[in-house]
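Asks: Pulled these features from Swiss-Prot for this protein:
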BINDING   TRP53, GLN135, ASP287, ARG291  inosine binding site
TOPO_DOM  1-38  topological domain 'Cytoplasmic'
TOPO_DOM  60-63  topological domain 'Extracellular'
TOPO_DOM  83-87  topological domain 'Cytoplasmic'
TOPO_DOM  108-116  topological domain 'Extracellular'
TOPO_DOM  140-149  topological domain 'Cytoplasmic'
TOPO_DOM  175-185  topological domain 'Extracellular'
TOPO_DOM  209-241  topological domain 'Cytoplasmic'
TOPO_DOM  266-274  topological domain 'Extracellular'
TOPO_DOM  295-309  topological domain 'Cytoplasmic'
TOPO_DOM  331-338  topological domain 'Extracellular'
TOPO_DOM  363-374  topological domain 'Cytoplasmic'
TOPO_DOM  398-422  topological domain 'Extracellular'
TRANSMEM  39-59  transmembrane segment
TRANSMEM  64-82  transmembrane segment
TRANSMEM  88-107  transmembrane segment
TRANSMEM  117-139  transmembrane segment
TRANSMEM  150-174  transmembrane segment
TRANSMEM  186-208  transmembrane segment
TRANSMEM  242-265  transmembrane segment
TRANSMEM  275-294  transmembrane segment
TRANSMEM  310-330  transmembrane segment
TRANSMEM  339-362  transmembrane segment
TRANSMEM  375-397  transmembrane segment
Amino acid sequence: MSTGKESSKAYADIESRGDYKDDGKKGSTLSSKQHFMLSLTFILIGLSSLNVWNTALGLNINFKYNTFQITGLVCSSIVALFVEIPKIMLPFLLGGLSILCAGFQISHSFFTDTQFDTYCLVAFIVIGVVAGLAQTIAFNIGSTMEDNMGGYMSAGIGISGVFIFVINLLLDQFVSPEKHYGVNKAKLLYLYIICELCLILAIVFCVCNLDLTNKNNKKDEENKENNATLSYMELFKDSYKAILTMFLVNWLTLQLFPGVGHKKWQESHNISDYNVTIIVGMFQVFDFLSRYPPNLTHIKIFKNFTFSLNKLLVANSLRLLFIPWFILNACVDHPFFKNIVQQCVCMAMLAFTNGWFNTVPFLVFVKELKKAKKKKEIEIISTFLVIAMFVGLFCGIWTTYIYNLFNIVLPKPDLPPIDVTQ
């Protein structure tokens, strides 16, 4: 990893500029090797920071605790807005996630059922806080680099879901189905070992490829007038389009998935567990695939995958059409809406637009800012986007309960009475 020092120097050069404006890759001082190592670093951070949570979900560890995890994400990102978290904390936060992984393994093997359940509750909250802080720091660093790395961070987050999903399926073929406290014992052990290895890799790449120090703090203090940033309200007005798009895409996704599709689809049409696995897999795979094209717009066939925030807002408005589509798939007893292929297409389109529209704002928001130019201002706006993403997820998971107020699940057919006289 010989590019580590050179990459850190390149990043330090960007930090030392009085004004910051990302104009794409034109004029980049980073070599292709440095760019590759940095992109791989941010992919690993995104992947490893979400693996712990995705593994818990994949093992079906008390899904209701998901709401606590989302709450932790929101709280941590808001704290990061008002309290400057040192960049050097990034590898320590990733290390904290690896300790939580070991905690799942130890508590599942040696604790009682009640103690394990209590650990899971506490761990989900801590995962939200720690992962939220790690992602906020990483997005701040990536979005203010010479070559915007925010898109690669988003890509890493997308990889996590399909990565854990595929490993889960492979382990089903090789490990014992024995369960302990309702959770597969062998799968929990191996999945969290993989999470720990990913986190260790991410820590190594962070330390070697990123400048996590604040070398220019003294210079910044000496030039307070030059470094005076715009107020939060001015920064919000300058970036409200990106903030709104981040909120909308995440709110709609978590409102519909998995609460309506696949859960209410399964209740209405008695979908088999195998087909449910396929439907969920469609979400994981297409969410993963859609996060890459926006990062590859230098390739001709992908050049139209990034566009202005105005167009993205229009696209998010059109995305609301998924609401009636998902509801019809649950409440209509017709071969078309019961068809597994149609359901997979519906889920794939929701997932593809989710990953795509989550990545674009981090890539284009800097270019559309009118007032914000300084690196510190870009970092604050990047934190705004992370908060919008987490608040969108939080609102989505809570508003999905609205559909319980309406009878969109088809009634079960009445069974013929049993003749007890025979």
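Note that Cβ sites are derived from N, Cα and C of the backbone, with glycine treated the same way.
Please go over these features one by one and say how buried each is and what sits next to it.
Replies: Neighbour list (GLN135 (inosine binding site), Cβ cut-off 8 Å, at least 6 residues apart, same chain): ILE45, GLY46, SER49, MET153, ILE157, VAL386. DSSP gives GLN135 (inosine binding site) a helix state.
Residue counts for the topological domain 'Cytoplasmic' (83-87) under DSSP, split into helix (H, G, I), strand (E, B) and coil, are 0 helix, 0 strand, 5 coil.
With DSSP classes pooled into helix, strand and coil, the tally for the topological domain 'Extracellular' (108-116) is 7 helix, 0 strand, 2 coil.
Per-residue confidence over the topological domain 'Extracellular' (175-185) averages 84 (mean pLDDT, predicted model).
Residues 330-331, 333, 338, 340, 343, 408-410 of the same chain sit 6 or more residues outside the topological domain 'Extracellular' (266-274) yet have a Cβ under 8 Å from a Cβ within it.
Here the topological domain 'Cytoplasmic' (295-309) has Cβ contacts under 8 Å with residues 25, 39, 151-152, 155, 241-242, 245, 356, 359-361, 363-365, 368 of the same chain, all six or more residues outside its ends.
With helix defined as DSSP H, G or I and strand as E or B, the topological domain 'Cytoplasmic' (363-374) counts 6 helix, 0 strand, 6 coil.
Outside the transmembrane segment (64-82) by six or more residues, the chain places 53, 56-57, 120-121, 124-133, 136-137, 380, 383-384, 386-387, 390-391, 393-394, 397-398 with a CB less than 8 A from a CB of the stretch.
Within the chain, the transmembrane segment (88-107) has long-range Cβ neighbours (under 8 A, six or more residues past its boundaries) at 45, 48-49, 52, 55-56, 115-116, 119-120, 123, 126-127, 130-131, 133-134, 137-138, 141, 188-189, 192-193, 195-196, 199-200, 202-203, 206-207, 210, 212-213.
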Asks: Let me spell it out: take the transmembrane segment (375-397), skip the flanking residues so only those 6+ beyond its ends count, and list any with a Cβ under 8 Å from a Cβ in it.
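Replies: Sequence-distant neighbours of the transmembrane segment (375-397): 14-15, 17, 20, 22, 66-67, 70-71, 73-74, 77-78, 80-81, 132, 135-136, 139-140, 143-144, 150, 227, 229-230, 232, 235-236, 238-239, 242-244, 246-255, 259, 358, 361-362, 365-366, 369.
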Asks: Counting only residues 6 or more past its boundaries, what in the same chain has a CB within less than 8 Å of a CB in the transmembrane segment (150-174)?
Replies: 38-39, 42-51, 54-55, 58, 135, 138-139, 142-143, 186-187, 190-191, 194, 277, 280-281, 283-285, 287-288, 290-292, 294-295, 355, 358-359, 362-363, 382
Asks: Does the transmembrane segment (275-294) come close to the transmembrane segment (339-362), meaning at least 3 CB pairs under 8 Å for residues 6 or more apart?
Replies: yes
Asks: What stretch of 186-208, 275-294, 310-330 shows the most Cβ pairs under 8 Å to the transmembrane segment (39-59)?
Replies: 186-208
Asks: Using Cβ atoms only, which residues of the same chain lie under 8 Å from TRP53 (inosine binding site) while being at least 6 residues apart in sequence?
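Replies: Those within reach of TRP53 (inosine binding site), by Cβ under 8 Å and sequence separation of 6 or more, are GLN69, PHE124, ILE127, GLY128, ALA131.
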Asks: Give the nonlocal contacts of the topological domain 'Cytoplasmic' (83-87) in its own chain as ranges (CB under 8 Å, at least six residues past its ends).
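Replies: 133, 136-137, 140-141, 210-214.
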Asks: Same-chain residues six or more away whose CB lies under 8 A from the CB of ARG291 (inosine binding site)?
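Replies: For ARG291 (inosine binding site), the qualifying residues are GLY151, SER154, ALA155, ILE157, GLY158, ILE159, GLY355, TRP356, ASN358, THR359.
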